[in-house]
Amino acid sequence: MADKTAPESQLRLEWVYGYRGHQCRNNLFYNANKDLVYFVAGVGIVYNVRDHKQGFFLGHDDDIVSLTLHPDRLLVATGQIGKAPYICVWDSNTTDTVSILKDGHQNGVGGVGFDKEGNRLVSVGMDQHATINVWDWKKGKIIATARGHSDKVFDIQFHPFKPNTIASCGVKHIKFWSLCGNTLSPKKGVFGKTGEIQTMLCLAFGSDGATYSGTLSGDVYIWRENNLERVVSAAHGGPVYTMDMGDTGFVTGGKDGAAKLWDLDFKNITTFNLVNAPGGYKGLCVRSVCWRGDQVLIGTQDSEIFEVQVKSRDKPLCLVQGHAEGELWALATHPKKPIFATASDDQTVRLWNMSNYEVLSRTSVEQKVRSCAFDNEGQHIALGMMDGSFMVLRTRDLSELIHIKDRKEVIHEMKFSPCGKFLAVASNDNFVDIYATDQRYKRVGTCSGSSSFITHLDWSQDSRFLQTNSGAGERLFFRMPVGKQATNTEEIQSIHWASFTGVLGAEVNGIWEKYTDTNDVNATDAAFEHQVTVTGDDFGLVKLFRFPCLKKGAKFRKYVGHSAHVTNVRFSADKRRVISTGGADHAVFQWRLLPQGAGDDDLPDIHNAYVDSNSEDSDSDLSDVGEVDSDVEREKQVKYGRHVYREDAAQIKKFRHQEMKAGKKRNMGPEDGLKLEYIHGYRGYDCRNNLFYTQTGEIVYHVAAAAIIYNKEKNQQRFYTQHTDDILCLCIHPLKDLIATGQVGRDPSIHVWDVETLKTGAILKGQHQRGVCTVDFSADGKRLASVGLDDNHSIVIWDWKKGEKLATTRGHKDKIFVIKWNPFDATKLVTVGVKHIKFWNQTGGGFTSNRGTVGKIAKLGDMLCVSYGKTADVCFSGGSDGNVFIWNGVSLQKVVKAHEGPVFAMHSLDKGFVTGGKDGMIGLWDDQFERCLKTYGIKKEAVAEGSKGMLTVDSPAVRAIVLGHGKILVGTMNGEILEVDKAGPMTVIAQGHKEGEIWGLATHPTKAVYATVSDDRSVRLWSYEGGHQLISFKVLKQAARCAGFSPDGKALAVGLKDGSFVVLNTETMEEMASFHHRKEEISDIKFSPDLGKYLAVASHDNFVDIYNVMGTKRVGTCKGASSYITHIDWDSKGKVIMVNSGAKEQLFFEAPRGHRITLRSTEIEKFDWASWTGVLGATCEGIWPAKSDVTDVNAASLSGDRGFLATADDFGFVKLFRYPAKGKFAKFKKYPGHSAHVTNVRWTQDGRKLVSTGGADTAVMVWARQSVLDKGGVQGESDDSDTDSEEEGYDSDVEREKKMDYSTKIYASSVQEKEGVRPNLQEQEEEEKPAVSRSAPEPPKVKKVEPATAGGKKRKMTPVTNLELEYIHGYRGFDARSNLYYVNNDSDIIFHAAGAGIVQNLSSGTQSFYLKHTDDIIALTVNQHPKFKSTVATAQIGNPPTVHVWDAITKETLSILQGDHKGGICSVDFSCTGKMLLTVGLEEDHDLTVWRWQDGTKVATGPGHNQRIFRAEFRPDSDTQFVSVGVKHVKFWSVAGSQLMGKRGILGKVDMPAGAASPQKMQTMLSLAFGANNMTFTGALSGDVYVWQDSNLSRVVTRAHNGPVFTMFTTLRDGLIVTGGKELPSKDSGPVKLWDQDMKRCKAFPLKEPAAGKAEVIKAVCRSKGKILIGTRDNDIYEVNEKSGSVSTLMASHAEGLLWALDCHPSAARYITAGFDNTLRLWDLHNRSMLAKLEVGSAKSAAFSPDGELIAVGLKTGEFVVLTTAGLKLWGRKRDRSSPINDIKFSPNSKLLAVGSEDCCVDLYDLSQGTSLNRAGYCKGIPSFVIQMDFSADGQYIRVSTGAYINQVFAVPAGTIVEDEAIISKITWNTWTSILGKEVLGIWPKDASKADVNCAHLSHLGNSLATGDDFGYVKLFDFPCPGKHAPHKKFVGHSAHVTNVRFTFDDKHLISTGGDDCSVFVWKCL
């Protein structure tokens, strides 16, 4: 039995003992059938207690650590640990996998929970961020993800009684998450004063919405929303590990060993104390509880499961038990009975009954046990301990017989001798001691000699010998009982062993892989009569081998279930069962051995248990594989890596940017273009099944990066050229109208496209690497399967229309050739490839698989093709040995010999099959593959007359075959496509070169013929007039690299790779001459012009040889090149040769002698060159891309009319330049089609066509030249002009917006940089207060204001306790656009300011707000679809920025989207159905993303442009087409699957009004509007509007505005368009215009009187029902009536610039604001209107006088002005300082005006002397700039707060500092605006390290303090608040800095101003 095959016998899992209680919680449930569901190790277990049966789920590959039950109580979700852990959802009835959720977590899945409906699953990871994922588990797709917490999360659940709410808890935290869109937003649980902050371990929920959490201290916390409501203290005497909600209450379990039942109000009903119950023990600890009906299940730390009846609670029933935590190594089976013993590190010994799966008895010992053994009768059991001692117990009652300690280290193994007289004990000390049982275990011998610890030992049958294994891999033999070593080989070979449990020796060689080390198999045991041995290893596998297995690397069967290492395996006495033990998982598995042929009817059949149950290599029962086939071997070794991928081109473009010198312009691009006309070639050499008939009978196939649709009637080809690299596979949709193609690439894509229109339907990428080698549509055409070329050959299933990945798995370690869907069952697939066939089942996001088993019927070779038969179970695969394998299910039925050599292709038909092989034969078969009906040989003589081409060799290997339209279509290895008539004649449809690079290309001087030569050793002549076809060919003796025709076209010279060249007669292809003078390849060969007297031959030896053609000898040699020669050209007189070398040298030589001459570049240009194929010199400088060391230009060709230079480069592009291409980086048009490098290009003799050849892609392409005059000429993707630095025109507003840096605005950063220590960080000195003081009471800190009495009634003022936002004066127009709309049937308008979305009612003027954003909103849009009438999307800045979709009426959040974007989102737009949302980000690539906003899924995303994109909008009639505009950018996009495809707008020649030139360069575009029939309007920087038809410019509306057109609006109802731009006021024009549908006529609306000199800039327009809504850059909103042109102001607000100054009128409901927009504004509170506005210059501060008559304003320049409140007339002005005036205040008696500046001064001016404003004094010694000032109530003192966080008090007007605390403490202040002082220490937040509190104001009643800070919060504190971090209420709305706050005179309102957001907020005080 020396074969290496797998054994016939099998194992089946019969029982698993134990339950995992350690480190897990809540993992035990009753399912709907009242079965127990739990897990052990890597196995999910369903235990039916009534029938005492177990079912197993074996879909995990590592320890399971979390489990939850679906609401239907049948499905189970389990999560595991591991590097890439996954979650399985499975059915507890059938243990089938329903779904696999992968790629969501790292390290492990610590918790899982279903939502109430059961459609979603939440999981938390064991990574450092505790990542939380919400899954749509049926699809295996992540809906939302978030970082859970910085520490461990122990439990996570959906709240069953609150939709979209998730609770998570863990170390010292609990969080409540709301799921909205794709965003999880957390709220931290607030513990408040109710309870301690502590660690939470488990969660439960009440139907009233409460959340219960069990804590580490034994309390249960009860939460309402996110606040701690109450505490049930000491619910347990130790941590509460588990909670479960039953039907009528809760049950909890804890470390104290108790389970408690609670009613719904959480009052204790009853307690089960398991510690004292029968079967209980001290230290019992409950880890899991489940209450259903009358039963409570309890799982413990030590692996028991108890069931308790609620009624009789004192009798817990133990259902399951196992070993507790600690490694399990000791295992022994009873020699006579079905009993086995285990003992572990938990210090217990247990005896188990194999027949009824129960524990017989157990006892505890003092030590950890590592080995055990029964004696020969089973009377005694010996235990080996951790401390080196051993003890012997009686089996009957486990009473101790003896305990002996002779060794210090652990006893690894022990065995009694078969005669029963001796016990051998092996220890870690390298010795085996022999004890005599009948002499009270006296030591009678010792075996020494091992150099390492002893691992295994076995006795011989006669008890005379012992064999040992040591840790060093030694196998030694000893004589018994003395222990002398036996070394005689013959003697040793004759020993019969009683048992074989060692891992060393010839008998078990096969258990080792070929090159492994010897310590990963831990245990073996052999069953001699069944000739098998079983092993347990460190990878958690139990394996079954033949015994003996002599050769290394034997085949085996393997079984999963144990997660970590398997420590021991033993056969039972009757050899019918195997017991295996796990180390860390301390699990005991019992397996049934099924000897060959035995059935297992009574055992559950576990399909997923034997994932490749025969191991990777053990598929065949016959020994190794048959002979190899050279072609198949070659194909396995093809590598698809690339040095430079097309994806790198974008990077290179960036280099070009860097290398351009400023002010340098790039050379213009060419006028003419090219159009691909024909391609010769078909990729057959390494692809298969890539040739099909379409619906209309056209033929589709591929070569290079192009897919070709060929019409044989017209002999015309159409091309799909969207791929960026070689296409490797192609398949056709079942309806034969769509094609899927997969390509090579770093991130290779699959395109699905339409055969008729060539439109891309979807692009699928992001899942594969290197390339996609096979694709297949499912039978219904909805899904697509693909296989990648990464190391695991990953399989992916796509919903291709959505571009979504549905499922993925690792395919196989070797290459997969074909994937096929089962046509009858949409979840099944089959793959074939190198040495394997696998059958797959899709389950959710993953797969389960089975390998095909061949048994004894055949040897398994490489499988190359596969087809299905008539039923779901039958399939046929073609092998490399020429056989067809017939499969039923996963097993082989029979084989049929079909071909000599491999069967490469096969196709199934209605009535049978057709196969093709390497032997060049085609076979037709019946439907059972029983007989071959007909064969066809592909031979030259069979080719029909008039065929388009010819066969080059007989019997080419067939690579693709398909039937249709009554013919057989065949693709061959040699690149031919043939059509075979059933009657026998064949026609050649297409052909190309065979595998190998094509370098040589020459066009005929007079005829429409060209020649190509390639590494496939052939020269071919092709015609391109009257049908493109091969007209003759010749096989050469060597690979050829270049070719050249003689001037008369009669001769063709061909240069070969070995340094020789031949001259052929072009008519007969006979050889006329041949020379071999060089060793290296000939790289170029050219006849001299005119008579062709000389032939120049260039070689890689650095020489050019010149031959005389007539005399046929060498006449000269050109020397001097320092590298190999790449190109040569003659001048037209035949006197001079131009040479290019690989060192980029351009050299010139005289012919025929070869003297070197030098020419200046001006002379070179004047020279009349006969041809120009070189790539060097001044005239070619522009053809080289930036950093061209990465990629080379391989060839060039100058057209006959000297106008155009075509080039071939390594990126696979053919490019067209204008000649001469001087200056760096000339512009070009580029054409894709070839894949990697294009090796050569040549114009034909008439200049009408260009021929190009591909390197490795074997394709020859013919391009037709199209001049500009052909209208509708294909432009080709012309080079992008966005890299030019010069801009057409300039506009300051556009420029500012382009350069706007939002990143500085995101993080809260201080508005004013202050220096010094923050108040909350300063040292406090405590003051002693006398207990009782006789002195007068302290005066109040701040004067309380009693309101004036009106009509004798005192109006009572109430303290302010809360704020409510009432109104915002603000609109963000300065850097946002198109953000103003009508909503709600035009009764409201919607816009945004700061962080607030604002809905303003037009009739009442009231506002309502959406305040959930966390930072500035910069974009807004309204959904136009009637179904989503009031749905609004707003987007903000931030990292990451979010989009909120909300309802304008209810303000309810509908969805929150985040991901992908960085910095901010500057444009949002809904699609026509309202279901899609388009966003544009501010990151470097300005990504565009399309979302399905309702469920938050990302549909597609991609980079938009390298500069700012301003707007992107869907076409009004589409969900997939949209347009983006930006800096020098217009792009037309469509969503294809999950990818975006963009077309650049093409500026062609368009009709312009007289005098205006057609636009040459792309303008910066600012706005968009749409017309019918794919018409698009874009507003440009110049004021023109460009009109586009599809993606081509069709006309220009010149000067639509005089300045940039910032905004456009398309009215959907009537198609009219409104534009808004920058316009100086004039009579007949206006900044807003209304146009007709074609933008031909317009009506202008001026907004202001023409007098003002400032231009109006419109940023947003909206039109509805005769009204136009207008938003301006200055943040004002107007409404214009279309008929009358009358304008009303809806919103006035400050323009851009920080807003600082604020004060309220002392006795009226008015206030003033001023800021850096140079204006001072006076506002009326009740009418919500601006009363007056005055330009004063940039202001920092303002104040009313105490009587309200005067206003003082402090300016940024250091000047201050005093105005009268009435009419804002100037009263006085003064400038004594040069830096900003930060605060200004009138004294309470109106005598003095205090002016505080950044110059660290407070100046005091005397007002009583009139407008002269004389300075009365100033305060000195201020350490830093002044922030705030307050006068005392009596006007004697002023208090100054400074930027050094210090406040000082000065006497007024002298300005002397007061430092006496006694005086200061008695002062009553008139107002309080200071942020400093001990009274307000509490206003400083904890985390104020980055940002400051800017302002404060005390209410007039004197008990409420309002503050504003850099986080955008307005906060309300009680005054005074001397304690740190005082309690407060905070209010959001401002986005960044709040610069000022003021209460109005009556404390009814609070006004706040925002810095950056230019907004004034009015809050109502409550």
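First residue shown is number 1, and so on along the chain.
Quick reminder: no glycine exception, Cβ is built from N, Cα and C everywhere.
Residues or ranges marked as compositional bias 'Acidic residues' by TrEMBL: 614-628, 1277-1292. The domain 'EML-like first beta-propeller' annotation in TrEMBL covers 53-307, 716-979, 1406-1679. Among the features that TrEMBL reports, domain 'EML-like second beta-propeller' is placed at 328-593, 998-1263, 1699-1965. If you look up TrEMBL, you'll see 605-628, 1271-1295, 1309-1355 marked as region 'Disordered'. Residues or ranges marked as repeat 'WD' by TrEMBL: 233-265, 330-362, 559-593, 1231-1263, 1705-1733, 1774-1815, 1931-1966.
Long-range Cβ contacts of the repeat 'WD' (233-265) within its own chain (Cβ-Cβ under 8 Å, at least 6 residues beyond either end) map to 25-26, 201-207, 212, 214-220, 271-275, 280, 283-293, 296, 298, 308, 310. Residues in the repeat 'WD' (1705-1733) partition by DSSP class (helix H, G, I; strand E, B; coil) as 0 helix, 17 strand, 12 coil. Taking residue pairs at least 6 apart in sequence, the domain 'EML-like first beta-propeller' (716-979) and the domain 'EML-like second beta-propeller' (998-1263) share three or more C-beta contacts under 8 angstroms. Against the domain 'EML-like first beta-propeller' (53-307), stretch 716-979 has more CB pairs under 8 A than any other of 716-979, 1406-1679, 1699-1965. Through the fold, the repeat 'WD' (1705-1733) approaches residues 1348, 1367, 1369, 1405, 1674, 1692, 1694-1699, 1739, 1741-1742, 1744-1748, 1751, 1753, 1756, 1763, 1765, 1767-1768, 1942, 1944-1946, 1948-1949, 1951, 1953, 1958, 1960, 1962 of its own chain, all at least 6 residues removed from its boundaries and within a Cβ separation under 8 Å.
Using a Cβ-Cβ cut-off under 8 Å and counting only residues 6 or more beyond its ends in the same chain, the repeat 'WD' (1774-1815) has close neighbours at 1740-1747, 1750, 1752-1760, 1762, 1822-1831, 1833-1835, 1838, 1840, 1842, 1850, 1852-1853, 1855, 1870-1871, 1873.
Counting residue by residue with DSSP, the repeat 'WD' (1931-1966) contains 0 helix, 19 strand, 17 coil. Summarising model confidence by region, the repeat 'WD' (1705-1733) averages a pLDDT of 92. Note: the repeat 'WD' (559-593) comprises 0 helix, 19 strand, 16 coil (DSSP; helix = H, G, I, strand = E, B).
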